[in-house]
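Encoded as structure tokens, the structure appears first; notes follow it.
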Amino acid sequence: MSSAPPAPRVIAVVGPTAAGKSDLGVFLAQRLDGEVVNADSMQLYRGMDIGTAKLTPEERGGIPHHLLDIWDVTVAASVAEYQRLARARIDALLAEGRWPILVGGSGLYVRGAVDNLEFPGTDPEVRARLEEELALRGPGALHARLAAADPEAGHAILSSNGRRIVRALEVIEITGRPFTANLPGHDSVYDTVQIGVDVARPELDERIARRVDRMWEAGLVDEVRALEAQGLREGRTASRALGYQQVLAALAGECTEDEARAETVRATKRFARRQDSWFRRDPRVHWLSGAAADLTELPQLALMLVERPVTA
């Protein structure tokens, strides 16, 4: 007598950029009668296709992909809004008896979707004062203040990322607690299996360089030029996306196109390291090799992990 198929659960496919998350997500959705829910913060933006490595309709293999192309490039990203949308979609899929396959490398977005994470509110006066100070003094001065108030946040947030520095300082002022104290523990709101795709740094760096080359060949500069006409340069979040920020600088004459291309590779490698560090801190992530030598085994190993009767 065969056992009944497992009841649908949430699967989160996580890890650094260029590790192979998207293809694994499609495979799992095909095998489990699931649908993909995007957890890449920049794939939420309409028209940002080449530079975010968004799967083409053909590459999606007939699998519905949710939360792609939902915001204009002028809209500032909101993890709280993403959380609302992602949970509504996850709840709907589970109610239909389908497996939600959350795919992406934006760590806070993954946590927002599946974990007990509440977002502190905002205070327009505090935000305006901090943004004015950012404009006058620059991000370095505010980052030094953040590092003194919350060393862990100072380490995690780049000294050049004025938007995130302002938000962290705003949360500290509103709550009276360190910014990192407002991040959740490892309390899931869903029965979730988290799969991390692991690729050794030398191989991942090579993949990133090749991916950036393919993006340029596919017309990233033209994509950015078209989005600039739609307000990309004024978009607080979208204009900072890897590749887009560098091409915007080239279009403004601040660097050459070759320099923008090289900086995109460097910045993406740095970003991949931060992504990897973020997910390594979560003991719930089951890591599987996504190395080229193991690619044929990865899908089946992931499927076996998901179909275990007991999750960790």
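Even glycines carry a Cβ here, placed using N, Cα and C.
Taken from Swiss-Prot, the feature ATP binding site applies to Gly15, Pro16, Thr17, Ala18, Ala19, Gly20, Lys21, Ser22, supported by sequence analysis. Under the heading substrate binding site, Swiss-Prot lists Thr17, Ala18, Ala19, Gly20, Lys21, Ser22. Sequence annotations record features per position, and here Swiss-Prot assigns region 'Interaction with substrate tRNA' to 40-43. According to Swiss-Prot, the site 'Interaction with substrate tRNA' annotation covers Ser106, Arg127, on the basis of sequence analysis.
Swiss-Prot feature annotations superimposed on the structure.
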residue: Gly15; record: ATP binding site; contacts (Cβ under 8 Å, 6+ apart): Lys21, Gly105, Gly196, Val197, Asp198, Val199, Gln275, Asp276, Phe279, Gly290
residue: Pro16; record: ATP binding site; contacts (Cβ under 8 Å, 6+ apart): Gly105, Val197, Val199, Leu204, Phe271, Ala272, Arg273, Gln275, Asp276, Phe279
residue: Thr17; record: ATP binding site; contacts (Cβ under 8 Å, 6+ apart): Ala53, Gly105, Ile208, Thr268, Phe271, Ala272, Gln275
residue: Ala18; record: ATP binding site; contacts (Cβ under 8 Å, 6+ apart): Ala53, Val199, Leu204, Arg207, Ile208, Arg211, Thr268, Ala272
residue: Ala19; record: ATP binding site; contacts (Cβ under 8 Å, 6+ apart): Gly105, Val197, Asp198, Val199, Leu204, Arg207, Gly290
residue: Gly20; record: ATP binding site; contacts (Cβ under 8 Å, 6+ apart): Val197, Val199, Gly290, Leu295, Leu298
residue: Ser22; record: ATP binding site; contacts (Cβ under 8 Å, 6+ apart): Ala53, Leu55, Glu59, Val103
residue: Ser106; record: site 'Interaction with substrate tRNA'; contacts (Cβ under 8 Å, 6+ apart): Ala39, Asp40, Ser41, Met42
residue: Arg127; record: site 'Interaction with substrate tRNA'; contacts (Cβ under 8 Å, 6+ apart): Val166, Glu170
Around the Cβ of Lys21 (ATP binding site), how many other Cβ atoms lie within 10 Å? Please give the count over every shown protein chain.
24
Taking DSSP as the reference, which of helix, strand or coil describes Gly20 (ATP binding site)?
coil
Using DSSP, how many residues in the region 'Interaction with substrate tRNA' (40-43) fall into helix, strand and coil?
0 helix, 0 strand, 4 coil
